[in-house]
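Before any comments, here is the structure.
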């Protein structure tokens, strides 16, 4: 008997298809989200400035006041080595070296010096005004000087101060006053000399048991010289102690002394207030402009954050400790696997992007008898671009509050306060850094979810148009039950697909496909049964043949019992 096996081959012919997908490119930009790290995206925006120009620049067109080798005290008192600072124009900020050489040439101290520096962070210009002319002290010698402040080997003194000493053998009570009619607050500085011993006291002032008294409407200060033997500094065993006050408009300051007074010749009218600061750096001014200055260099940026230096002056981004703050603006960048082809590459429409679609974020790929191609969905892409652009700009605008962070000065008696201040500032900085990083993580999560939602919406838009005229094939694609030429494809893309036009054709093709599926099931069942029976029969014949052969050669004894 001859058995003929009939092998049926079914060739599956794919119908016209349209897929929804999104753009992909060669970008290696990575962002972090709340749930993921190092997510590759097609587009991103860095909002953390990391660079500076390494220069000191004019701030908004106004140069800084460079003190050079002089300190704040040397400038205001008039150290002879600081003569170039006797008259200074408006400044944007003050540049002081870390350890300037020319401060108090005559050794001593400056009371409330750190508070004075803090005052200077709110001032951008002083007008120097003569308040107690040197020639008014007719009963005293006003040419006092010291070799500690020598110029060209000759004794000298602070240019803005007058050291009153005895005239002949007399030092009558010295009195002077100034009425502030300038219309602005006036910075007034004075001093008291503490001699090394009684001999020096009598040599300079004749009197012993002297005092220096200063009074305003809010100040009443009386100081007594402290005569003591001290180590010599700059060749001097004596010390000078300087104090200052802000004299209000129409207020009067009165000086009275029986000896040891360092009287002011000039006061400093606060002629212009503004945001300033003291920049501690060894750099010098260069020919450049900026809106934000740090000790390391100028920052020119519109970004809301920077990590260059915590101390800044001008319109500056907020300093954070972060190394990276990147906002996602594009989509997840997962290019399709080219070797697998378009329709085999995408397991889901948010699992693989199309590098071939370059004119939009979201769009379509179609395949029909006329060919295949990509087409971006311009409307959804533009809405997404506008939405994300507005969001990024809003984030930058909200966080781009301009800050100035100038260093605070503390004297040796305030170290505990300084340490507490540093801890507080570090705490605030940690909070700002955390807020910035959390903001970026949350916005990136929302942006990527936004893109996924837009692709899903586009998919649903197509699905609702096609209804049962096409089937979903589970990869972001639809296979039509009817022929769909380029005009038909375009109608699907622009939302004008005519469902009734293709309904009858789709219905017929859909029924035929169902019939083929049923007949296929019958054939498969018959083949399965036949294969089982044939296999069993073959096994039985094989066993019988082996048994017969073994019986014939004596290897197997066969007994037939009746």
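Positions of Cβ are set from backbone N, Cα and C atoms, glycine also.
As annotated by Swiss-Prot, signal peptide applies to 1-15.
Residues or ranges marked as topological domain 'Extracellular' in Swiss-Prot: 16-525.
All protein chains considered, the CB of residue 25 (N-linked glycosylation site) has 18 other CB atoms within 10 Å. Reduced to three states, the DSSP call for residue 25 (N-linked glycosylation site) is coil. Residues or ranges marked as N-linked glycosylation site in Swiss-Prot: 25 (among others).
Taking a C-beta cut-off of under 8 Å and a sequence gap of six or more, residue 26 (N-linked glycosylation site) has these contacts in its own chain: 335, 355. Residues or ranges marked as N-linked glycosylation site by Swiss-Prot: 26 (among others).
Every protein chain considered, the tally of other Cβ atoms within 10 Å of the Cβ of residue 38 (N-linked glycosylation site) stands at 8. Summarising the annotation, Swiss-Prot assigns N-linked glycosylation site to 38 (among others).
Cβ environment of residue 288 (disulfide bond): 53, 55, 57, 58, 298 lie under 8 Å away, each six or more residues apart in the same chain. Following the DSSP three-state reduction, the secondary structure of residue 288 (disulfide bond) is strand. Look at Swiss-Prot and you will find 57-288 (among others) tagged as disulfide bond, backed by sequence analysis.
For residue 70 (disulfide bond), the same-chain residues that are 6 or more apart in sequence and have a Cβ closer than 8 Å to its Cβ are 79, 81, 82, 85, 100, 102, 103. Sequence annotations record features per position, and here Swiss-Prot assigns disulfide bond to 70-82 (among others) based on sequence analysis.
Around the Cβ of residue 149 (disulfide bond), the same chain contributes 79, 80, 105, 106, 155, 156, 157, 158, each under 8 angstroms and 6 or more positions distant in sequence. Per Swiss-Prot, disulfide bond is recorded for 105-149 (among others).
Residues within less than 8 Å, Cβ to Cβ, of residue 179 (N-linked glycosylation site) and separated from it by at least 6 positions along the same chain comprise 250, 251, 252. Summarising the annotation, Swiss-Prot assigns N-linked glycosylation site to 179 (among others).
Feature annotation from Swiss-Prot assigns N-linked glycosylation site to 180 (among others); the stated evidence is sequence analysis. If you draw a 10 Å sphere around the CB of residue 180 (N-linked glycosylation site), it holds 22 other CB atoms from the protein chains shown.
Residues or ranges marked as disulfide bond in Swiss-Prot (evidence: sequence analysis): 292-316 (among others).
Sequence-distant neighbours of residue 300 (N-linked glycosylation site): residues of the same chain at least 6 apart with a C-beta under 8 Å from its C-beta are 53, 290, 291, 292. The N-linked glycosylation site annotation in Swiss-Prot covers 300 (among others).
For residue 484 (disulfide bond), the Cβ neighbour count at a 10 Å cut-off comes to 28, with all displayed protein chains included. Sequence annotations record features per position, and here Swiss-Prot assigns disulfide bond to 484-488 (among others) based on sequence analysis.
According to its DSSP assignment, residue 494 (N-linked glycosylation site) is helical. Annotated N-linked glycosylation site per Swiss-Prot: 494 (among others), in sequence order.
Residues or ranges marked as S-palmitoyl cysteine in Swiss-Prot: 551 (among others).
Marked as S-palmitoyl cysteine by Swiss-Prot on the basis of sequence analysis: 558 (among others).
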* To do: Compare the C-alpha of residue 316 (disulfide bond) with the C-alpha of each of the glycosylation sites 25, 38, 180, 494, and give the closest one.
  => 38
* DSSP-derived class (H/G/I helix, E/B strand, else coil) of residue 70 (disulfide bond) -> strand
* To do: Whole-number Å only: compute the distance from the Cα of residue 180 (N-linked glycosylation site) to the Cα of residue 488 (disulfide bond).
  => 89
* Asked: Taking just the CA atoms, what is the gap between residue 488 (disulfide bond) and residue 494 (N-linked glycosylation site) in Å?
  -> 10
* Work out how many Å separate residue 25 (N-linked glycosylation site) and residue 484 (disulfide bond) at their Cα atoms, rounded off. => 29
